[in-house]
Amino acid sequence: MDAALLLALGLLAQIKSDKQQAGGVIYSIQGPGVDEEPQGVFSIDKFTGRVFLNALLDREKTDRFRLRAFALDLGGSTLEEPTDLEIVVVDQNDNRPVFRQEVFTGQVLEGAVPGTLVTRAEATDADDPETDNAALRYSILEQGGPQLFSIDALSGDIRTVQVGLDREVVAVYNLTLQVADMSGDGLTATASAVITLQDVNDNAPEFTGEEFFLEAAEAVSGVDVGRLEVEDRDLPGSPNWAARFTILEGDPQGHFAIRTDPRTNEGVLSVVKPLDYESCERYTLKVAVQNEAPLQAAAPRAERGQARVSVQVRDVNEPPVFRENPLRASLAEGAAPGTPVATFSARDPDTRRPQRLSYSKDYDPEDWLHVDGATGQVQTQRVLSPASPFLKDGWYRAVILAQDDASPPSTATGTLSIEILEVNDHAPELSPPWGSLCSAPDQGSGLLLGATDEDLPPHGAPFHFQLSPRVPELARNWSLSPVNVSHARLQLRHQVQEGLYRLSLLLRDSGQPPQQREQPLNVTVCRCGQDGTCLPGAAALRAGGAGISLGALVIVLASVILLLLLALLVALLARSRQQSWDKGLLHGLQDDLRDNILNYDEQGGGEEDQDAYDMDQLRHPEELAALSAPLGRPLMRRDAPFGRARPQAPRALPTSPTDIADFILDGLEAADSDPSVPPYDTALIYDYEGDGSVAGTLSSILSSLGDEDQDYSCLQDWGPRFARLADLYGPP
């Protein structure tokens, strides 16, 4: 089966079978564009075998179709094998080229050499790249000035073509690019290229003037004097533009400094060390400027890279200056009023206009010092207490002012630090001034003596202990030997009689000059045991070792006797007052029997009753159980015979709050019927009225269960005070 391609009115091809006569064959096709997507593009005449194009083809979507053609007889049987039919879509220039981006950007250093690559422009074309339909060519339509850039027609590379790129002249170039297919003769498209020139330091900074005139006040520092203006054509804010200033001449003492204002690029001249008008009225500085970045070798040198700066010093009234500040002085403690301390004088730096200085105190917390207003001489005006809170580590601080007489005046402040030197003005003291030792020299280790001194080193230890030279006989029985710098040991040379001895010791310190004091020492000599300590029988003797003299003992005894007399007097007064009160009470008892009972006021049985019942046993029954029989005999009232006491059976304690009421009621009933315990039904328990009462106990009135059990006939015999009770309870 043959296939032929035809180009006429949609006719693409015709197939024909050699196996059958014309009119006896049926043709069909299958594949993409027929019964597969995209369907309906192709069709065939089943009797003639002609293949037709039914729709427009787009090569950019499908560049070829592969179909299969079939030949069948009229009965539907296959006449021969299927034939492949390939339809190739021929490209047409129906697509314009397209740049990959609308704007291309590039950067290049100013002054770059010709041929320097700046950027690349790229475009695409959807047509067949194997044909001229996609053969692209690049060109520059417009540069906006001299022809400084070129573009490669095939690659699209943009390069510099000549020297003369100057950022200070033109910083940005805008190019119009074009691309065309058909090797430059077909369809076209355009785009832009923005080329920025990068700055290089090809311009040196320059001062705007050759000389600057400024003014500065004397005696101040850290202030700005003025600004030095410069100009630079390089990119502002870049290291090629930033200026750096240097003082070349005219400031040997370093009074000035220059810094750069990063916003304006100006040089700011400031005073860093105070100026002195009297020393120099005017300064002439030579200042240079340059950039942070190094200047290009080919760049022209600056014409005004240096300038002269004249600074006029303005005279002001300067404060006085102390010749030595702070001033330190030394003074012995306890210095008398009027003792010179120091002369804290100052000078006036304003030598061209003489002025008078005056001195005064600004800080003297103890008001210890006096300052001469004309000379600045300082002296004490009273004695400084060593316990002053303003004396820190032996130093006293005061503040002195010096002031000139200008208008307005200026004042200087000076610090005066005075060291208080320690003076040896205290003699050492025994601590303690008593002790005891054994009567036998071979027993014990002797008596260890110590000393203290109120003075600070080096006016204290080491101390020297010595038996008083005024009493030479002490050396026959006693001896002193040093132990360390603050202690010595007293020992007996031979055995002496027991008793209290009063020795006289001489103590001397190590100060300059040394201080000494003769002091008494009370020593108790006692009989000692094997361990070297005093035996108990020597207690009376040791009492003397406490340092109590005979006069002190007499005073103590007199005080004790006086206290005893005062106590006796108070007791007599109290007894007299009690008798008077009792008489008044008995008189009142005749009016009302109830007053007699309430005013008796002996709760718990009175002074002679030591067995009163404790009411806490009712409030805390659990404690009663804990303190039961093993602690002693049962508590009883004194008016109840011991033989009548009946032992009570142990009762279980309440286990919950609801049982407490029953527990108390049972206890009350048992107590009222038991004479061996006090009654619980009264707030005042008149438990016992004392021994020897013929009336028994009044508590039986309350504790009895019935009046018929009591015999009150004896009330008639008690006198008129009990007449009312006899009427109430006695027989009719």
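Every residue gets a Cβ built from N, Cα and C, even glycine.
In TrEMBL, the region 'Disordered' annotation falls on 334-360 of the listed ranges 334-360, 496-522. Sequence-distant neighbours of the region 'Disordered' (334-360) (same chain, 6+ residues past either end, Cβ-Cβ under 8 Å): 219, 276-278, 315, 317-318, 320-323, 327, 369, 371-384, 386, 400-406, 412, 414, 416, 418, 423, 425. The average pLDDT computed for the domain 'Cadherin' (100-207) is 93.
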